[in-house]
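Asks: Would you mind keeping the following structure in view while I ask a few things?
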Amino acid sequence: MESALTITGAFKRYSTNNVVLKGLNMNVPFGTIYGLLGPSGCGKTTLLNCIVGRVELDVGIIVTRAKVKADVGYMPQDVALYSVLSIEETFKYYGRLYGMTFSEIERRTEQLVKLLDLPSEDRILETLSGGQQRRVSFALALIHDPQLLILDEPTVGLDPVLRQSIWEHLLKLASNGKKTIIITTHYIEEARQAHIIGLMRGGVLLCEDAPTQLMLTHNCDNLEQVFLQLSHKQHNADGEEDQTEYKSIPYPEKPKHKSPPSLSGEGWFLWSRFMAQLIKNWYFMWRNKAMMIFLLGLPLVQCTLYNLAIGHDPEGLNIAVVAEELTNGLGECVNLPKTGCFLNLPLSCRYIDKIRGRAINLVEYNKLEDGRAAVGLNKAWGVLHFAHNYSIALAERINLTADASDLAVELSQLNVWMDMSNQYIGNMLREDLISGYADFLQDVFKDCGWPPHAANIPVRFEDPVYGSRNPSFIHFASPAVIVVFMFYLPLMFTVGVMLYEKMAGILERCMVAGVTALEVVVAHSVVQFVVLCIQGMLMMIIMYQVFDSPFVGNFFLTSVLLILQGLSGMCFGFLISVISDTMNTASFMGIGSFFPLCSMSGMLWPQEGMHTILKSIGWLLPTSLPTEAMRALTARGWGMDHKTVYKGFISSCVWILFFCVMTRFVIKIRKGLRAK
Ligand SMILES: Nc1ncnc2c1ncn2[C@@H]1O[C@H](COP(=O)(O)OP(=O)(O)OP(=O)(O)O)[C@@H](O)[C@H]1O
């Protein structure tokens with residue numbers, strides 16, 4: 001009888017102590033149903049995985065009439081389908097993968113829904129029972145009418161009537177359609193309907209023959225007894241010379257003749273398969289509306305929160321005031337003139353008036369000890385102390401300048417004790433108190449007819465070359481915030497989607513159907529590109545239109561830089577997805593990389609202020625140079641001819657390349673490890 005598939009001398013192990021296939025030989029005649037029977041863990045699934053190319057044999061040869069992956073219909077043990085897609089969408093996706101037209105898919109869907117008693121086509125897979133999901137999975141193996149069907153326990157958990165109708169259909173396929181079917185099942189009696197039975201135990205096939213012939217040869221009434229008899233023989237075979245056929249062959253010392261994959265794909269990139277991937281991605285996003293809203297809403301919310309929460313000067317900060325020269329306290333100030341050259345009146349009132357504002361809230365204390373205690377108890381951020389004849393001493397200091405007495409210099413001093421435990425608040429208050437003093441003194445000089453500038457230190461800050469006179473932290477950090485978000489949002493999306501497909505076995509199932517890694521990556525990149533363009537646009541609108549961060553640069557160049565940054569994050573996502581096998585590992589990698597990237601990329605603090613060693617490597621990080629380039633583009637309006645700008649672009653491109661090469665490298669290493 002002509003062979004549809006032969007396996008010779010197959011060995012496969014997952015580790016040195018876990019040899020699963022031990023020199024297995026198998027012959028599946030053309031146009032038959034081959035029932036592969038064996039106890040749990042004997043290696044049936046591993047064998048089927050080797051046939052469809054999910055797993056590589058270490059040693060051995062697989063020869064099959066099926067030449068390309070599309071000639072095979074495969075139903076894995078796990079459902080491995082997109083649970084958020086409907087039955088119809090799933091059929092369309094797989095149909096398109098196999099190059100079927102939409103009308104062919106429709107016709108076939110109708111037949112299969114009837115045959116397998118599937119629920120309505122618009123039902124979402126996750127709403128189906130386990131048995132219904134398995135039937136959808138089975139239908140997908142049949143959808144393109146393949147010549148070789150590999151079915152891993154297709155009838156488990158099904159109603160006996162349905163099981164019978166499935167077997168009848170398989171028999172029809174084998175006899176009328178000349179299809180070859182390899183099927184594993186736990187129901188031994190059900191397997192009697194197969195044309196050939198292969199009894200597998202301990203990584204070898206104990207025998208393969210027609211079920212009736214098997215029972216006849218071994219003089220048994222049923223297959224169960226045959227299996228028991230053969231299992232005993234295999235168990236006792238070790239010591240007996242004449243029963244070598246049951247012995248498992250030791251794993252070869254140096255596995256050498258690895259056979260090439262028995263099934264080839266149809267090229268690295270097929271437009272129809274790529275389009276099928278795109279359609280599936282669209283269905284996936286459409287069904288995951290909550291995820292998409294989150295992905296597009298997150299940059300909006302994050303940028304808005306960032307602008308509302310960060311960078312604004314604190315307000316309502318208490319400052320204690322002890323003015324010994326005011327016998328009736330600060331209330332005295334109300335009746336004093338706010339302007340004019342009255343050096344004999346308490347000048348502390350005019351200064352206090354200058355600093356009183358939104359940021360500073362003045363709280364009066366009678367004694368210096370009380371004021372200082374208030375700072376100690378965190379009731380005030382600082383205490384201002386005016387001596388009892390502060391104004392007289394200050395007037396003497398102004399009038400006599402160089403001839404003023406030491407006592408006058410001492411008493412004209414405004415003493416301040418600050419709580420500097422909070423760097424930003426401490427520095428801001430200090431700056432306000434000093435600039436307020438300069439303003440107050442200038443006013444006095446002006447009112448007395450003296451040149452106001454003489455009250456200042458002789459340094460004049462002209463209009464800044466770049467930026468504003470009062471730059472804010474928010475303007476410093478916003479380019480970095482956009483760059484970091486543009487890196488991490490695609491990373492999250494890519495890792496989420498890729499790991500979901502990988503962990504559910506969906507990716508492998510698609511690859512068995514012929515999809516290539518290139519098609520998966522390109523289809524994902526197209527979707528990701530659209531998503532990241534929208535995300536980037538939203539962030540730019542929030543940052544530069546709604547909240548008015550300075551933007552004096554070239555919009556096109558800035559957009560290109562952000563897109564490159566997004567692609568770099570996506571490629572990092574690919575790398576994390578191939579390294580990690582679980583969401584936990586991926587989360588650790590994502591979170592673990594987030595903080596070093598934020599702290600060392602100049603987002604929170606200028607790189608110039610970092611430790612020398614960190615400074616020498618910090619610029620290498622994927623967000624460092626692009627952040628500087630973004631600042632140069634948006635705040636300085638520099639172009640591509642400037643080093644800071646083009647270095648940002650080069651950095652993003654190099655990181656994209658690096659992540660891609662590393663991803664390829666990790667895939668290769670992991671493949672090598674699996675093969676060992
Ligand atoms: N990816 C893997 N890594 C390591 N060991 C594996 C892997 N896959 C399978 N094994 C081991 O190989 C052996 C055979 O597993 P396999 O799934 O092929 O058996 P099976 O006959 O299909 O069992 P069942 O009928 O329960 O599905 C088992 O001991 C299993 O633990």
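The backbone N, Cα and C atoms fix where each Cβ goes, and this holds for glycine too.
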Asks: Looking at the ranges 46-65, 66-85, 586-605, which is given as transmembrane segment in TrEMBL?
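Replies: Within the set 46-65, 66-85, 586-605, TrEMBL attaches transmembrane segment to 586-605.
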Asks: If we skip the immediate neighbours and take only residues 6+ beyond the ends of the transmembrane segment (586-605), which ones have a Cβ under 8 Å from one of its Cβ atoms?
Replies: 477, 480-481, 483-484, 487-488, 491-492, 495, 499, 572, 576-577, 579-580, 614, 618, 621-624, 627-628
Asks: Determine which residues of the chain contact the transmembrane segment (476-500) at the Cβ level, with the cut-off under 8 Å and only residues 6 or more beyond its ends counted.
Replies: 284, 291, 295, 298-299, 302-303, 306-307, 310-311, 506-507, 524, 528, 531-532, 535-536, 539-540, 543, 549, 562, 565-570, 572-574, 576-577, 580, 582-583, 586, 590, 594, 597-598, 601-604, 622-623, 626-627, 630-631, 633-635
Asks: Averaged over the domain 'ABC transporter' (5-227), what pLDDT does the prediction give?
Replies: 91
